[in-house]
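Undergrad: Here's a structure for you.
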Amino acid sequence: MPLNKDIKKVLVIGSGPIIIGQAAEFDYSGTQACQALKEEGIEVVLVNSNPATIMTDKEIADKVYLEPLTVEFVEKVIEKERPDSLLAGMGGQTGLNLAVELYEKGILDKYNVKVIGTSIESIKEGEDRELFRDMMNRINQPVIQSEIITDLDSGIAFARKIGYPVIVRPAYTLGGTGGGIANNEEELIETLTSGLQLSTIGQVLLEKSVKGWKEIEYEVMRDSFGNCITVCNMENIDPVGIHTGDSIVVAPSQTLSDKEYQMLRSASIDIINAVGIKGGCNVQFALNPHSFEYAVIEINPRVSRSSALASKATGYPIAKVAAKIALGYGLDEIKNAVTGMTYACFEPSLDYVVVKIPKWPFDKFQGADRVLGTKMMATGEIMAIGSNFEAAFLKGIRSLEIGKYSLEHKKFKDLSMYELRERVVSPDDERIFALAEMLRRGYRIDMVSKITGIDIFFLEKFRWLVEEEQKLKQSTIDDLNREWLLKLKRRGFSDKAIADMLKVSPDEIYRLRDIWHIKPSYKMVDTCGGEFEALSPYYYSTYEQYDEVVVSDNKKVVVIGSGPIRIGQGIEFDYASVHCVMALRKQGIETIVINNNPETVSTDFSISDKLYFEPLTEEDVLNIIDKENPDGVILQFGGQTAIKLAKFLKEKNIPTLGTTSDQIDLAEDREQFDDLLERLNIARPKGKGVWSLEEGLEEARRLGFPILVRPSFVLGGQGMEITHDEEELTYYLTNAFEKDSKNPILIDKYLMGREIEVDAISDGEDVLVPGIMEHLERAGVHSGDSITMYPAQNISDKIKEDVLDYTKKLALSIGIKGMINIQFIEFEGKLYVIEVNPRASRTVPYISKVSGVPIVDIATRIMLGEKLKDLGYGTGVYKEPELVSVKVPVFSTQKLPNVEVSLGPEMRSTGEVLGVGRNVFEALYKGFVGASMYTGDKGKTILATIKKHDKKEFMELSKDLDKLGYNFIATTGTANELREAGIDAKEVRRIGEESPNIMDLIKNKEIDLVVNTPTKANDSKRDGFHIRRAAIERNIGVMTSLDTLKALVELQKEGAHNRELEVFNLI
């Protein structure tokens, strides 16, 4: 059946900011869906609050509303645009929940908007735990013994009846949020309370634990005529009990018998038919490893993280096909873009193995509880493709960028067998290395399988890898022959791993490979196991025979991607990479992308001329460059992952376009950079590197407190802190030198000024600054965690002139051709430079969208030799728009147990939203709403615990808050000072004192906002840490910067929260 002619204008709801459990996969699926709709001549209206996405670009939708994803604001868009249809399944859990809410509140009926694709009734049957369980019982699909729980007492009673352990699964939440495994009543009370609070309908499913069973997933498609196919099945190497987002996953499944495979496939199709899915659906099963017993865990009646993985693993574009089905097409009418011959009703066939490994953020949260369970904690993931499991798995390990190239990890060498067993039984992000060490020491495979729930098939593969590592370590380079080296390469060993074990350099192994003609061949991902010729140039490396790459003589450029999503290097860099590829293709240049992230738009095979799904290591990148012989490589847009390849590529005489490794060194080496600033007469905060506690204290006395301290070599502000006195500095330096005595600690005078940021473009002669951004929080809060305003609101014309002058001088002196990011501080009327990055930064998507300057496109054309003056955007500072746009960071700390919440010099946010308004107050209010921050709309009781350095400033703000009708609760010191200022304050006892104390008030949700300025962040022994954690875990607003509080006060004084706010189409 062809296109439904009644559908002319479709509203697509995006997924909002990147958070743990909902990452870049929805930018990929949303972009695909929008493009599929536009292909059919349908007008696309997009609502999404996330400015860092490709899907919010003017090329992707006809109208783009970067507005909060709430019923209030989406209704305004519907009222203004009058779409006839709504596509709900492309925006993750956020989009699904919002669609259900719009339906239930009668808004869709009010404006006559039809839901296309999977219906609201089907969504409810998939998402509501009780409806889903009843449906499974009706179609005789086994479910785990369970009960729908809406209050604590009935949960406790049911758990006593079925016995522990039990699993808590909240309804309508994301990534297992609020859920977990409870082994006893005490744990149940804690987990159940959290789950009931965080479920949007106050409902959880309490079920008997089948921890240790295999977890199997099927990705299924169904059209409105009842045609069904399974796109892909996937096997979690980790058993049930670890969230699938935190599990290592392999596709296709490796350990299922044909009977098990067909049994679960049939069950998937029965389920998707019963629920009435129209589009894509993910079905998760628990399978007893010792029998054919299975149970349905849950379904996702939408595109998901798993569907993005299945799309990339097979080449089957699930989101695109789902969008076409929503328009009325049948699977047998939708062409397969990979082959150009077959149709979407053909089930993909895989003749390779795919492995997904999660990327966790624990490097940013040293004190975090790393034990994995039913709550997802990974920020991103990598995918690796190989001709066998071992090859894909080792590619995956080196793709994680954790400095590991094999299964050996030094930290596990000295552990006793008992300690290793504990690390394996309570799995964390490093379990695979502990498990490998157990196998290395000869621990019986059947025993390892028993205690981990990991199938013997995988353990035998790991043991083989470990045994080969041991053989290498007992050998020399002279023992290595062609046959052995070829076997190792076929099983995924990198040159570096082999070299490390033989104690030679990787270049030596590369030389031997060259002599013995051991070069990788590249195979195509074609969806059909080679049965039909494929049109999509989408490749993975193998050391088997037959190469499927056709190398052209065209002018070509390699673009290095940014790898997995992590804190400090998020979706913004994928945005930049994709725009670079688009710009190159417009210029007629063949583009080759290398990346390994299955969630992103850059790894959609339709984006570039060729896609290599490979690790971003020196060897893997060099192999592709050797094969393709490009005219240049672009590193500027792939974040630190790409930039760190600059020196290696220079050594190999491979040309990089834009910034060179020498320019990177000049910007990042402190001494060289200080010399440059001195020559240019540009100020920076005074400071130096110190090697001891005594030297550090002496330097601090010379500079005067407060002092910013940090390790020498850090990314994303890792390990940075502001110290206010000698006691704090001594504490920091003592710990820092204990961790690393081989490198200096950098000590800078901390200037408590206004932070200013620019992304600029230089062609070596002229400089264009698309916009000057102002950070709301003063210097000392990492730029990625600060609220950012454009146009700048509080900067004088003189400072703006200095910003442009310094930017020009730095860009031209460093020799930038392309992009440069500079961060400044304005302190007491003077401008200081604090950081220069000779590459794209995380603010590029934001400033591109709100200034209207296509920054990446221009920077790419400059790298190809064009000049700014010829590109139509002028030079100097670009004209400011009428609307004000505020970028607000979004944090996922609620999902990570025992991690710090407070703002500081180390970045912690995972995503961002945009607020757009006629003035800064309207924009701030929208930003606060979009980021789910406290706005004062629902309650006005503030708990204030303020450090001594901040009390004077807080007292001024509290007077305004008092006038605005806020109530204060505070501990003795702050309460007394509030009363002295004429403000009524209720006194509360400290933690540890008799009830009711601070923690009781938080647990009982008698507080609406916690304002807590930390004395020492990252110190889990302090009361402040526990107050912040307790509040965030109960969805109570927390502000740790008085600048954020001041913004709240200002927008309330201006009445932005009471005003009828417009929504803006940014195209």
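Glycine is treated like the rest: Cβ placed from N, Cα and C.
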Undergrad: Need a hand: Swiss-Prot gives R710, K749, L751, E755, G780, V781, H782, S783, E835 for ATP 2, which of Q793, Q823 is also on that list?
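TA: Record source Swiss-Prot; matching candidate: Q823.
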Undergrad: Between all pairs in R710, K749, L751, E755, G780, V781, H782, S783, Q823, E835 (listed as ATP 2 binders), what's the biggest Cα distance, rounded to the nearest Å?
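TA: That value is 18 Å for the farthest Cα pair.
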Undergrad: Per residue, counting other C-beta atoms within 10 angstroms of the C-beta, which of the binding-site residues E215, E298, E835 reaches the highest number?
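TA: Neighbour-count leader: E215.
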Undergrad: Fewest other CB within 10 angstroms, which one of the binding-site residues R129, K208, R710, H782?
TA: K208
Undergrad: Checking the contact step here: among the binding-site residues K208, E215, Q284, G780, which have a Cα within 10 Å of the Cα of N837 (Mg(2+) 4 binding site)?
TA: none
Undergrad: What three-state secondary structure does DSSP assign to H782 (ATP 2 binding site)?
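TA: Note: H782 (ATP 2 binding site) is coil by DSSP, not helix or strand.
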Undergrad: At a 10 A cut-off on CB-CB distances, which of the binding-site residues I242, L751 has the highest count?
TA: I242
Undergrad: Using only C-alpha positions, which one of E298, L751, H782 is spatially nearest E215 (ATP 1 binding site)? These are the binding-site residues in the record.
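TA: Closest candidate to E215 (ATP 1 binding site), judged by Cα separation, is E298.
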Undergrad: Considering only the binding-site residues E298, N300, L751, which residue has the minimal Cα-Cα separation from Q284 (ATP 1 binding site)?
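TA: If we rank E298, N300, L751 by Cα distance to Q284 (ATP 1 binding site), first place goes to E298.
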Undergrad: For N837 (Mg(2+) 4 binding site), list the number of other Cβ atoms lying within 10 Å of its Cβ atom.
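TA: Here the count is 21.
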Undergrad: Report the nearest neighbour of L751 (ATP 2 binding site) in space among the binding-site residues R129, K208, I242, E298, N300, comparing Cα positions.
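TA: Of all the candidates listed, I242 is nearest in space.
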Undergrad: What are the DSSP helix/strand/coil residue counts across the domain 'MGS-like' (933-1067)?
TA: 57 helix, 22 strand, 56 coil
Undergrad: Could you state the CA-to-CA distance between R129 (ATP 1 binding site) and R710 (ATP 2 binding site) to the nearest Å?
TA: 48
